[in-house]
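Worksheet for the structure shown next.
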Amino acid sequence: MEEKEGIKDSSLLEKSNVPESINEDISKTTDVDLNSDGKKDNDTSAKDGTPKVEEKVNKSSGIDEDEVVTPAEDAKEEEEEHPPLPARRKSEEEPSKENPILQELKDAFPNLEEKYIKAVIIASQGVLSPAFNALLFLSDPESGKDIELPTQPVRKNPEAPARRRQTQLEQDELLARQLDEQFNSSHSRRRNRDRATRSMHEQRRRRHNPNEREQHHEDSEEEDSWSQFVEKDLPELTDRAGRSLQDTANKVSNWISDAYRRNFASGNEQNDNQHGHQDQQEWEPEIVDLSQGGKNSRPQQPERRRFNSFGVQVGDDSLESHGITLHNEDGFEDDEDVPPQLPTRTKSGESTGKVVAETTYIDTPDTETKKKWQPLPPEPLDTTPTKVNAVSRNKKNPDEDEFLINSDDEM
């Protein structure tokens, strides 16, 4: 470096002694060369080994080639003069491969060997506080006088096993249990309340009568057995009874259907046809009687009879309905036939106490036509009613009263 600096100083002194004309020519030539592809000229001059600038300078001034300095050399010299830039540090420091707990304990206890420190770390399972206390006791035994040694091993809480994912059926079952507890809690509370009240009453009784303890114990056992029977055994019994009834019903129905198929379905068609007509005739009057009885069984309002001014029932033309019969009170007429009479039997001593037949008259149909009864013509009605007419109208003849006339219905 010192030799190069000496060469630079000598070259600068020589340049200062060159006349001004030479400097002007050099500046012109250098400006032209740099503006018009200076790189190409420099390359060609480097290949040929005869740069143009040096030739012109040598021709005009007669300076040696060794004394001339090119601009490339000047740039190199300037770079050598400036100090190199410092290397950039990496932003991310590489993590140390050594265990940080081990390194920390080494720094805290440099006097102890590394194997003891590792043994303490293994025993403490990486917990710093017990490891630090153990290493402190190794370095200074007097510091561990106040520390009590454990007599029993430390119990660790068992880690809960990984909960497996529940299926849809399990989720539904869990939800059903929650709903049952929520909505049926009232029934359970009522039951617990009843038990509490019973227990209170029984305790009061025991205080008054200490002999009832044994009886209370027996009663409690009976209640427990009864509650167990109602809650567990009764549903099973009901299920079994229902199943047995269903089975028996199915068996009976199958047996009846088989018997019907054997006896009735495969019967003789001729017997069915013979008895069919008779059965139909026997059943018809019963059906009619039932229908009539059903009609008559209904309550009916009594019919109201209406009579006209002549004492005749309205809507009935027959004489019998009027309640009037015509007969001769004097006896039989001459033309009418007298019915025959049976001879009377004399009573004997042997026949006393026996029933004797008496003569009876036998009615015979009348051959002659009887006279029909005709009603009397009505009386003329006065347009102007008077007291006499009104009284006469209101009065009734006792012979015309329907209740005093002997009718066929009363007979």
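Glycine too: its Cβ is placed from the backbone N, Cα and C atoms.
Swiss-Prot marks one residue of Thr346, Thr369 with the annotation phosphothreonine, and that residue is Thr346.
Lys396 is the residue among Lys28, Lys370, Lys396 that Swiss-Prot labels ubiquitin cross-link. Of the residues Ser139, Ser253, Ser257, Ser407, Swiss-Prot records the annotation phosphoserine for Ser407. When Thr167, Thr197, Thr344, Thr383 are compared with the annotations in Swiss-Prot, the one labelled phosphothreonine turns out to be Thr167. From the options 13-16, 101-104, 357-360, 373-376, the stretch Swiss-Prot describes as motif 'AIM' is 373-376. Counting every protein chain shown, the Cβ of Thr167 (phosphothreonine) has 9 other Cβ atoms within 10 Å. Taken together, the residues in the motif 'AIM' (373-376) have a mean pLDDT of 76 on the 0 to 100 scale.
Residues in the motif 'AIM' (373-376) partition by DSSP class (helix H, G, I; strand E, B; coil) as 0 helix, 0 strand, 4 coil.
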